[in-house]
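Okay, structure first, notes after.
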Amino acid sequence: MIGLIITAIISAVLIMALLVVAGTFTWVERRLLGFVQERYGPNRVGPFGSLQWVADTVKILTKEDRPPPGADKLTYILAPAIAATPVLAGFGVVAFGDGLVLAPVDVGVLFLLGMMGLTAYAAMLGAWASNNRFSMMGGMRAAAQMLAYEVFLGLSLMGAVMLAGSLSMHAIVEAQRDVWFVVLQPLGAALFCIAGVAAAHRLPFDLPESENDLVAGFITEYTGMSFGLFFLGEYLAVLLVSALAVTLFFGGWLGPWLPGPIWFGLKTAVIAVVFVWLRATLPRPRYDQLLGFAWKIALPLSLLNLLLTGIVVVARSAP
């Protein structure tokens, strides 16, 4: 009973920390976008605008949140929660340091893939419940995109799993003490990062909520706290994909001089900033190009990487 209470307290602290980090990340992103686009970005609330996310949170919480006419109210309310909750649960198996993990399960990678896949249901359910044609089109795009990119997302990380011989996050990091897997798996790392951006619905893969042709996609009819949960889920997904990339390919918490959790945080921040840089510099492709790249290019390359890794693993284990 005491252990359960301690776990609940640690979980609450972790969730609060993640919410603060996600909010701060929105400010960092807006400042970086302003720098790239030669403008200021938020600079009024707090030092250098660093508390802008707090003001935005207060604004979202005080806005009216009411389902549109003809909407399925229960599903409409549940969809935003499904967008954020699985991503928060995914952080429970992330190893932030040696022994610094909330739930040290042996199938952590598999659990994370499952949690990330659930976010597609939020988009589909929210789109269907909104009773809006633009929302429905965005939801169908989200479903097709997740189906395409979730496949080679899993295949791209299997190379690291094969080299480590385990699905445990801790074991994968420990297997990189001699050399990071990004050196042994450059193709797998690149494919994983591409699929991760698509799984998080980030530019240039944000066609499910493309403003140019779908108003706001599957979140067209959402406002207030419901919109905020979708927004939160997206930014948490970016951080989760960054943390997973660091764990699988960039040595996790391993590094000289500094404590492990600091190394993990710095590496994750670098990957997240790269995602922002991609958003600022790359154009949005056509939807047929997006799916064509997934099925015709990325999937065969993932299978090729898996085949080559299997050959190397078998050759290394041969007497």
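Note: Cβ is positioned from N, Cα and C throughout, glycine not excepted.
According to Swiss-Prot, the transmembrane segment annotation covers 1-21, 77-97, 107-127, 147-167, 179-199, 214-234, 238-258, 262-282, 293-313.
If one looks beyond the transmembrane segment (179-199) by at least 6 residues along the same chain, the residues whose Cβ comes under 8 Å of a Cβ in the stretch are 116, 119, 145-146, 148-150, 152-153, 155-160, 163-164, 172, 205, 237, 241-242, 244-245, 248-251, 271, 274-275, 278, 290, 294, 298, 301-302, 304-305, 309. Of the recorded ranges 77-97, 238-258, 262-282, 293-313, the transmembrane segment (147-167) has the largest number of C-beta contacts under 8 angstroms with 293-313. Distant neighbours of the transmembrane segment (77-97): 11, 14-15, 18, 67, 103-105, 108, 111-112, 115-116, 118-119, 121-123, 125-126, 129, 169-170, 173, 222, 225-230, 232-234, 236-237, 240, 243-244, 247, 252-253, 259-261, 264-265; these residues of the same chain sit at least 6 beyond its ends, with a Cβ under 8 Å from one of its Cβ atoms.
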